[in-house]
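What Swiss-Prot says about this one:
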- 1-17: signal peptide (SIGNAL)
- N33: N-linked glycosylation site (CARBOHYD)
- W87, N197, Y277, W361: substrate binding site (BINDING)
- E198: active site, proton donor (ACT_SITE)
- N202: N-linked glycosylation site (CARBOHYD)
- E319: active site, nucleophile (ACT_SITE)
- N366: N-linked glycosylation site (CARBOHYD)
- N384: N-linked glycosylation site (CARBOHYD)
Amino acid sequence: MLNILPFFLFFLPFLIGNNRICVAVKTGFVGRNGTQFVLNGEQVYLNGFNAYWMMTTAADTASKGRATVTTALRQASAVGMNVARIWGFNEGDYIPLQISPGSYSEDVFKGLDFVVYEAGRFNIKLIISLVNNFEDYGGRKKYVEWAGLDEPDEFYTNSAVKQFYKNHVKTVLTRKNTITGRMYKDDPTIFSWELINEPRCNDSTASNILQDWVKEMASYVKSIDSNHLLEIGLEGFYGESIPERTVYNPGGRVLTGTDFITNNQIPDIDFATIHIYPDSWLPLQSSRTGEQDTFVDRWIGAHIEDCDNIIKKPLLITEFGKSSKYPGFSLEKRNKFFQRVYDVIYDSARAGGSCTGGVFWQLTTNRTGLLGDGYEVFMQAGPNTTAQLIADQSSKLKNLKYPPLVTHSAE
């Protein structure tokens, strides 16, 4: 989404077929055991939020930017949320982190330092995305422009552009936090890295292009940071590797050059992700609640099945939301949508399945400004509120009784 302007870790990796099984020893870092996330030797499930705005907001020390970040994290923690997904990029123009290739704003980096530090204080783990597919916050188009090129898809193939991206990855992962004194790659507050928010490619050979890019960049991230988990940033669209699965795509189409199955089978990718936006994906059914409900159930169910049986890695729903800008919106409809997603997550978790949690789009602390994309959620106290639904989900996941942790086989 977004189309708007000290602990030490030891992993025992086993390669079985295409799948890496990670068994985490006692540590502050989250690891993976088969289709489950583990933390300090115990299974962990996630309930959280997106807040792409945190880094740039925290960089604005002249106003109350950092207080806004603190308020959001405090409110999230109060309802039991334990993970946040944020941007670790902003190229080019408004409050840029990366002003030009290799040139960074120290003030904006200090904003990210603060977010990482403050999230740790509230026991909230961070998923940090490293670049945007879209033009907002720069994205791959800005990288291509820096190389003097015109076609955004060259982001995935041009050697100079790929080096720009690798340089950014290294700069972020090896950043020494000015507050904690710890490099990001050594900080257990970070849950995982995300290669790119919602990758897409229109080239006629797009599926091969994206597969090759993910392999290369995932290997590069792991060469720098073996502590943290890694995911791609996929929305979950099926590709041509298993043609019969494309019926689950919105409209049954093959979309965007991504392939949920083959992309997530890359060994250096630790878990799979999906997004869910029935209002925008199914505009003709935007006012037909029953049809949207059917799509949501089928969409999540198909991906859980594939992560359980084919990919054999955890599944995290990293974006879902319902916008007030679509016809027929009401708080009641949004709450029913959230509850539907939460119920599927909980049912999978309770059964020991691969769906490990959900991260809604998006948490904000006020009703004004550029953050108002229609999806914003405010932590209003009281019964029958979205905040109460979130709190209930956090409690249900936290109170699950798990069997003793065993090492899973990928067979």
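The backbone N, Cα and C atoms fix where each Cβ goes, glycine too.
Fair warning: this is a prediction, and the values are worked out from it, not measured in the lab.
Features per Swiss-Prot, on structure.
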residue	record	contacts (Cβ under 8 Å, 6+ apart)
W87	substrate binding site	Y52, W53, M54, M55, T56, I128, S129, N132, Y137, N197
N202	N-linked glycosylation site	D153, G257
N366	N-linked glycosylation site	T68, F378
Spatial hits near N33 (N-linked glycosylation site) (Cα distance within 10 Å) out of the recorded positions E198, Y277, E319, W361 come to none
For E319 (active site, nucleophile) and W361 (substrate binding site), the CA-to-CA distance in whole Å is 5
Counting across all protein chains, other CB atoms within 10 angstroms of the CB of N33 (N-linked glycosylation site) number 18
Here the Cα-Cα span from Y277 (substrate binding site) to the residue listed as 'active site, proton donor', rounded to a whole number of angstrom, reaches 13
For E198 (active site, proton donor), the number of neighbouring Cβ atoms whose distance to its own Cβ is within 10 Å equals 23
The number of other Cβ atoms within 10 Å of the Cβ of W361 (substrate binding site), counted over all protein chains shown, is 24
Expressed in Å to no decimal places, the gap between the Cα atoms of the residue listed as 'active site, proton donor' and W361 (substrate binding site) is 14
In three-state DSSP terms, N197 (substrate binding site) is classed as strand
